[in-house]
Amino acid sequence: MEVVAGLDLVTAVLLFFWVVYLWENYLSFRQRGVYKTTRDIPWELRSVLEHDTFEKARLYQLDKNGFSFWAGLYSQLEMTVILLLGGIPFLWRKSGDVTGYFGYGPEYEILQSVMFVLLGTVFSTVTGLPWGLYSTFVIEDRHGFNKQTLGFYFKDLAKKFVVTQLISLPVAAGLLYIIKAGGDYFFIYAWLFTFVVTMGLIFIYADYIAPLFDRFTPLPEGDLRTQIETLAASIEFPLYKIFVVEGSKRSSHSNAYFFGFYKNKRIVLFDTLLEENPVNKEAAAGEDAGNASSEDSSDTASEPEQKGEGDAKGEEKKKKIGCSNDEILAVLGHELGHWKLGHNLKNIIISQVNTFLCFFLFALLSNWKELYEAFGFPDSQPALIGLLVIFQFIFSPYNELLSFLMTVLSRRFEFQADTFAQGLNKGADLCTALIKLNKDNLGFPVHDWLYAAWHYSHPGLLERLRALDYRQKEQ
C-alpha cells in the first residue's frame with residue numbers, strides 16, 4: 001500500500017506539471033498566432049513606428065516563441081525522466097560517494113547535502129549550456145542584440161557559477177543546520193536566517209557582487225546628472241550615487257533601475273538607454289585631447305577626415321537608439337514612483353510572509369515518511385530532500401497561483417508608477433520613451449489577451465499608452 005501511495009504521489013505531481021505545461025503551450029500557441037497573423041501596425045503607433053521595425057519585431061518574437069517551445073519541452077521531459085527513473089536518490093547516492101571518498105560517511109548529512117547542491121548545479125549548468133548558447137549566439141545574434149564573444153560568454157558563465165556556489169553552499173549548510181538543530185520551532189529560525197541573508201545580499205550586491213560582472217561608471221557632471229538629482233530631491237528620494245553600467249558589452253537591450261537601503265540608494269542606467277552617453281563622451285574627449293597633443297608635436301600636416309555616405313548613415317542610425325534626457329527622466333520618474341508608492345517594500349513583505357508560511361508548512365510535512373518513500377528515500381529523511389520535494393513539487397499548485405497573483409499585482413504597480421510619473425508632468429515624455437524602448441528592444445506591441453494576462457508582469461505598450469492618454473484627457 002505504501003508503494004502504491006508513493007507512486008500515486010509522484011504520478012499526481014507529474015500530472016500537475018504536465019497540465020501546467022500544456023496550459024502554457026496553449027497560451028504560447030495563441031500568442032504565436034498573433035505574431036503570425038498581425039501584419040498591420042496598430043493605428044496608435046502608425047506615425048511613430050516604421051513598418052520595417054514592426055516586421056523585425058514580429059520575426060524576433062516568432063523566433064523566441066519557437067525557441068521557448070523546444071526549451072520548455074526539453075525541460076519538461078528532463079524533469080519527468082528524473083522523477084520516474086529516480087534521478088534525485090541517484091544524485092544523493094553519488095553525493096555520498098564523493099564525500100565518502102574523503103572519509104565522511106552518511107552521518108555527515110549536511111556535507112553530503114552541500115555536495116548534492118554542487119553536483120545538481122553542475123548538472124543543470126551543463127544541460128542548460130546548449131540552450132543558452134543557441135539563445136545568445138543564434139537568436140539574439142540573428143536579430144542584432146548579442147554583443148558577446150564566445151570567450152566572454154564562457155568567462156561570464158564561469159564567474160556566475162563560482163559566485164553562486166560561494167553564496168549558495170554556505171547558505172544551504174547554515175539553513176540545514178538550523179532545521180536539524182532548531183527543535184520544534186526551527187521554521188521561525190529558518191525564516192529569520194533567510195531574511196537576514198536576503199537583506200545582506202541586497203546590501204553587499206552593489207559594492208561587491210555586481211562589479212564582478214559589469215563595469216559601473218559614475219555618471220559625469222552635466223545636465224543629465226543635475227536633472228536626475230533635482231528629480232530625486234523633488235520627491236525626497238535619498239539618492240547616493242548615479243551609475244552608468246556597460247550593458248552594451250553583452251547586449252543592446254536597455255534598462256534602468258535603482259537599489260540600496262535607506263540613504264544608500266543608487267540609480268543605474270544602462271549605457272544602451274542613453275541616446276548620448278556622457279561616459280563615452282568624457283572618454284572620447286580624453287582621447288581627442290591626447291590625439292591633438294600628438295598632432296601638435298608632429299611636423300606632418302594631415303588632411304581633414306571626410307565622412308563617407310555609409311558613415312553618415314551609420315551615425316544617423318546610431319542616434320535613433322536610446323532616449324533623450326527628458327525621456328530618461330520620465331523613465332526614472334516611473335522607477336522612483338515604485339519607491340515613493342512603497343511597491344518595493346510591499347513586495348518584500350509579501351515575499352517574507354510567503355517564505356514564513358512555506359517554512360511553517362514544511363515543518364508540518366517534513367516528518368511525513370511516505371513523502372520521502374515516494375521520491376526514493378525509504379530508509380532516510382534528509383532535510384535537503386524534504387526541502388526540495390516539498391518546496392518544488394508539493395507546493396507547485398500554490399506556487400502557480402501565487403505567481404499569477406503576483407503578476408496581476410505587478411501590472412497594477414506598473415500602472416500606478418506610470419500615473420506617478422505623469423503627476424511629475426512627465427506623461428508625454430514617458431509615452432515617447434516607452435515607444436523608443438519598445439522599438440530599440442524589438443518589442444511586439446500586439447498581444448493575445450489571455451497570454452498577456454497570465455505572463456506579463458508589465459502591461460503591454462498599447463495598454464500603457466492608452467492609459468496615459470486617457471489620464472491626460474482627464475486633467
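The backbone N, Cα and C atoms fix where each Cβ goes, glycine too.
The shown structure was predicted, so the numbers you read here are calculated from the model rather than taken from an experiment.
Annotation source TrEMBL lists transmembrane segment at 6-23 (among others). Using a Cβ-Cβ cut-off under 8 Å and counting only residues 6 or more beyond its ends in the same chain, the transmembrane segment (6-23) has close neighbours at 72, 76, 79-80, 83-84, 370-371, 373-375, 393-394, 396-397, 400.
Packing against the transmembrane segment (67-92) from elsewhere in the chain are residues 10, 13-14, 17-18, 21, 24-25, 28, 112, 116, 119-120, 123, 127, 131, 134-135, 139, 375-377, 382, 385, 388-389: each is 6 or more residues past its ends and has a CB under 8 Å from a CB in it. For 67-92 (among others), the entry in TrEMBL reads transmembrane segment.
Residues 60, 63-64, 67, 71, 74, 78, 91-92, 94-96, 98-99, 104, 106, 146, 148, 150, 153, 157, 161, 164-165, 168-169, 172-173, 176, 382-384 of the same chain, all 6+ positions outside the transmembrane segment (112-139), place their C-beta atoms under 8 angstroms from a C-beta of that stretch. Marked as transmembrane segment by TrEMBL: 112-139 (among others).
Beyond the transmembrane segment (160-179), the same-chain residues lying 6 or more positions past its ends with a Cβ under 8 Å from any Cβ of the stretch are 109-111, 113-114, 117-118, 121, 125, 186, 189-190, 193-194, 197, 201, 209, 212-213, 366, 383-384, 387. The transmembrane segment feature in TrEMBL is assigned to 160-179 (among others).
What TrEMBL records for 185-206 (among others) is transmembrane segment.
Feature annotation from TrEMBL assigns domain 'Peptidase M48' to 219-471. Taken as a whole, the domain 'Peptidase M48' (219-471) shows an average pLDDT of 83 in this prediction.
For 292-303, the entry in TrEMBL reads compositional bias 'Low complexity'.
Annotated compositional bias 'Basic and acidic residues' per TrEMBL: 304-318, in sequence order.
Counting only same-chain residues six or more apart in sequence, the Cβ atoms lying under 8 angstroms from the Cβ of His334 (Zn(2+) binding site) belong to Ala417, Asp418, Phe420, Ala421, Leu430. Taken from TrEMBL, the feature Zn(2+) binding site applies to His334, His338, Glu414.
All protein chains included, Glu335 (active site) registers 19 other Cβ atoms within 10 Å of its own Cβ. Residues or ranges marked as active site in TrEMBL: Glu335.
Residues or ranges marked as transmembrane segment in TrEMBL: 348-365 (among others). For the transmembrane segment (348-365), same-chain residues at least 6 beyond its ends with a Cβ under 8 Å from one of its own Cβ atoms are 186-188, 190-191, 194-195, 371, 386-387, 390-391, 394-395, 402, 406.
Sequence annotations record features per position, and here TrEMBL assigns transmembrane segment to 385-409 (among others).
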Expressed to the nearest Å, what is the distance separating Glu414 (Zn(2+) binding site) and Glu335 (active site) at their Cα atoms? 9
Note down the number of other Cβ atoms within 10 Å of the Cβ of Glu414 (Zn(2+) binding site), including every protein chain shown. 21
Those same-chain residues, other than His334, His338, Glu414, found with Cβ within 8 Å of the centroid of the Zn(2+)-site Cβ atoms are Glu335, Gly337, His343, Phe413, Gln416, Ala417, Asp418, Phe420, Ala421
